[in-house]
Amino acid sequence: MEVMRILHMNKGNGETSYAKNSIVQSNIISLGRRVMDEALKKLMIRNSEILSFGIADLGCSSGPNSLLSISNIVETIQNLCHDLDRPVPELSLSLNDLPSNDFNYIFASLPEFYDRVKKRDNNYESLGFEHGSGGPCFVSAVPGSFYGRLFPRRSLHFVHSSSSLHWLSQVPCGEVNKKDGVVITADLDNRGKIYLSKTSPKSAHKVYALQFQTDFSVFLRSRSEELVPGGRMVLSFLGRSSPDPTTEESCYQWELLAQALMSLAKEGIIEEENIDAFNAPYYAASPEELKMAIEKEGSFSIDRLEISPVDWEGGSISDDSYDIVRFKPEALASGRRVAKTIRAVVEPMLEPTFGQKVMDELFERYAKLVGEYVYVSSPRYTIVIVSLLRMG
């Protein structure tokens, strides 16, 4: 599976598009807002004389959320500058995602974004910016994988990423051996599943964890080159609170999708061997795994590390004993909404293996499975939010 080509959300504005089914990701951005605002305040106080800030949002995707993060960042900086009685610095805002992302949707949304910036900035016209421009904000798109360098050395002051770092750079390979100096890899043995599960072999657990450590270390090393000393980074993504990578919070949405696929295979609609060959380029990391990677890379210190549970529709959960009693029709309706959210994200990576023609039937079955599960359980995701300081 070529992740660079297939890892993008459903494009456009249709009923199965990411633009219409991304409330969970929007809520995750909101969940990390407090930590982001705190990091920006510390950054602004330390850099009171800087006239221009480099800011990047990594994994921006497309749709209404694509400009939400940088809009929040600009709003926070404007408010901080007002409180600190200083002019708003020029802001170089870079939006990053893979080349397959629908950047045209983002470009079409920029005039509305610029208008919001203008309304919030009383100094807009006095700075010499014309109507229709971005004012002190200069927005650009940077296509490419964030598992590698994207920006010039020491050109960034702040990096943000939400709902992206749970995606891996590639599907993990099987056990790696050396024979006569040649590295040999095998396909991952995870039959009947598309991600880690209770029945996955321990070797699958190992290679998934290793792939995350490799990818996240490359991510940190790349950002350490691009951020100025004292720069900050706030990351939020799907993770887990348990050391066990096969708990419900980290994998059960994939387990139910595998069940839906297997039901199609049993009826001869798709080939079971295609299910055996498919594994999601995804990993829900634990806080301990994050700490290990950050400490090993050595360029960043952890300013804050939090985990927050949300339900499968993105709603906040404030109580550890969270439990909702649902009527059956309500649970099935919830299942349909969850299925549309998942479809908007994973359909582009499923189509090359299973074909476009089966997608409607697949996600109808998936919606029913999710609804039945929601009826008897209260499933949740765990959101990891980490704020990092570039040392030096």
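FYI, residue positions are counted from 1 along the chain as it appears here.
Cβ coordinates come from backbone N, Cα and C, glycine included.
Contacts of ASP97 (S-adenosyl-L-homocysteine binding site) defined by a Cβ separation under 8 A and a same-chain sequence distance of 6+ are given as HIS8, LEU58, GLY59, CYS60, SER61, SER62, PHE103, PRO143, in order along the sequence. According to DSSP, ASP97 (S-adenosyl-L-homocysteine binding site) is assigned to a strand segment. The annotation S-adenosyl-L-homocysteine binding site is assigned in Swiss-Prot to TYR18, CYS60, ASN65, ASP97, LEU98, SER145, PHE146.
According to Swiss-Prot, the jasmonate binding site annotation covers GLN25, HIS166, TRP167. Cβ-based neighbour count (10 Å, all protein chains) for GLN25 (jasmonate binding site) stands at 25.
Residues annotated as site 'Involved in substrate discrimination' in Swiss-Prot: HIS160 (among others). In this structure, HIS160 (site 'Involved in substrate discrimination') is part of a beta strand by DSSP.
Within 10 Å of the Cβ of ASN190 (Mg(2+) binding site) there are 27 other Cβ atoms, across all protein chains. Per Swiss-Prot, Mg(2+) binding site is recorded for ASN190, ASP276, PHE278, ASN279.
Mapped onto three states, the DSSP output places LEU238 (site 'Involved in substrate discrimination') in strand. The number of other CB atoms found within 10 A of the CB of LEU238 (site 'Involved in substrate discrimination'), across every protein chain shown, is 23. Annotation source Swiss-Prot lists site 'Involved in substrate discrimination' at LEU238 (among others), citing similarity to another entry.
Annotated jasmonate site GLN25, HIS166, TRP167; additional same-chain residues within 8 Å of its Cβ mean position, judged by their own Cβ, are GLY59, SER163, SER164, LEU165, PHE237, LEU238, TYR282, VAL345.
Among the listed recorded positions, namely HIS160, HIS166, the Cβ with the most fellow Cβ atoms inside 10 Å is that of HIS160. The Cβ of CYS60 (S-adenosyl-L-homocysteine binding site) has 26 neighbouring Cβ atoms from other residues within 10 Å, across all protein chains displayed. Using ASN65 (S-adenosyl-L-homocysteine binding site) as the reference Cα, a 10 A cut-off selects none from the recorded positions HIS160, HIS166, PHE278, ASN279. According to its DSSP assignment, TRP167 (jasmonate binding site) is in a strand. Taking Cα separation as the measure, LEU98 (S-adenosyl-L-homocysteine binding site) is nearest to TRP167 of the recorded positions HIS160, HIS166, TRP167, ASN190, ASP276. Taking the Cα atom of each, ASN279 (Mg(2+) binding site) and TRP167 (jasmonate binding site) are about 12 angstrom apart.
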